[in-house]
Amino acid sequence: MLGILRQRAIDGASTLRRTRFALVSARSYAAGAKEMTVRDALNSAIDEEMSADPKVFVMGEEVGQYQGAYKITKGLLEKYGPERVYDTPITEAGFTGIGVGAAYAGLKPVVEFMTFNFSMQAIDHIINSAAKSNYMSAGQINVPIVFRGPNGAAAGVGAQHSQCYAAWYASVPGLKVLAPYSAEDARGLLKAAIRDPDPVVFLENELLYGESFPISEEALDSSFCLPIGKAKIEREGKDVTIVTFSKMVGFALKAAEKLAEEGISAEVINLRSIRPLDRATINASVRKTSRLVTVEEGFPQHGVCAEICASVVEESFSYLDAPVERIAGADVPMPYAANLERLALPQIEDIVRASKRACYRSK
């Protein structure tokens with residue numbers, strides 16, 4: 001019954017999410033002539049890493065015969081067989097524990113959660129087993145495992161399927177936490193995560209899966225890998241710094257376009273990596289623009305934005321010409337109704353208003 005309810009939630013979201021894709025990304029991402037969807041980027045990254053390393057395998061609910069709830073694992077069962085693509089029961093605690101045990105033994109599991117909301121069923125294994133083992137063993141045990149799946153709000157799937165867990169996992173020593181925006185991000189970061197010797201929480205976004213992005217020839221090479229812990233400046237500017245991650249990068253780029261029409265030059269930083277956090281890039285940008293706006297979908301208290309603001313105040317306070325501006329989701333469980341859901345999430349106009357406040361522009 002639980003599986004049926006989960007699938008209905010996914011199917012119900014599909015009718016709404018198409019209307020939101022247009023708002024997600026600005027097309028100024030890369031200079032490449034080719035395009036690739038985030039879904040295909042993730043699929044190709046897993047495929048190439050499985051082909052290159054026989055220790056890599058995939059496990060999760062419906063990742064095999066159904067090819068994944070979002071088709072990220074399409075074609076992998078046929079290519080690699082059931083020995084390396086494991087369909088699991090609906091028991092996150094069970095299969096996550098098996099994955100961590102396999103990583104202890106030197107294998108490289110890629111564990112899929114149908115949504116990161118369900119990772120709460122397995123949080124003991126993620127934090128107490130995966131994240132702490134290297135420290136508790138004095139470096140003798142590595143846990144090369146990737147926990148991946150959609151994170152944050154989708155479209156009308158309710159409070160129990162819409163939460164952002166970036167701040168939760170980013171607070172834990174021993175974990176690395178990545179959040180891709182584009183196809184290039186998805187390919188490069190997932191390949192880096194699979195190759196990493198430590199546990200990585202890989203936070204995707206359902207509304208980005210079907211979105212196409214320009215992608216360079218370099219990113220299409222099987223050796224392509226992005227560095228963990230390094231942010232990307234998506235758009236350069238001189239008046240205000242906007243820092244965000246995942247789907248909100250697209251919103252920030254749209255806001256930057258609107259701000260440019262009013263004579264405000266916004267620099268947009270795509271974090272890519274939540275932990276480790278690229279404080280150097282953030283602070284260097286703020287020291288140039290003297291203003292900071294942070295954006296995230298998560299709850300406002302104790303969030304990723306709060307950590308970024310604290311870092312800037314600690315390291316670049318004397319460079320600030322205005323108070324830092326923090327934009328986050330509403331401090332409530334996610335509403336189901338579409339109109340209330342929109343009010344609970346940051347919007348492009350929110351970023352524009354906050355940026356103008358930082359620049360002391362009232363209109």
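Every residue, even glycine, has its Cβ placed from backbone N, Cα and C.
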**OP:** From Ile126, Ile127, Ile141, Ile145, grab the residue that Swiss-Prot records in the same K(+) site as Ala193, Ile194, Asp196.
**Re:** Ile145
**OP:** State the Cα to Cα distance, in Å, between Lys254 (ubiquitin cross-link) and Ala193 (K(+) binding site), rounded to an integer.
**Re:** 29
Subject >> Remaining residues near the recorded K(+) site, that is with C-beta within 8 Å of the centroid of the site residues Ile145, Ala193, Ile194, Asp196 >> reply: Lys108, Val110, Pro144, Val146, Ala192, Arg195, Asp198, Pro199, Val200, Phe202
Subject >> Spatial neighbour of Lys247 (ubiquitin cross-link) that is closest, considering only the binding-site residues Glu92, Ile145, Ala193, Asp196 and their CA atoms >> reply: Ala193
**OP:** Pick out which of the recorded sites Lys247, Lys254 has the most other Cβ atoms within 10 Å of its own Cβ.
**Re:** Lys247
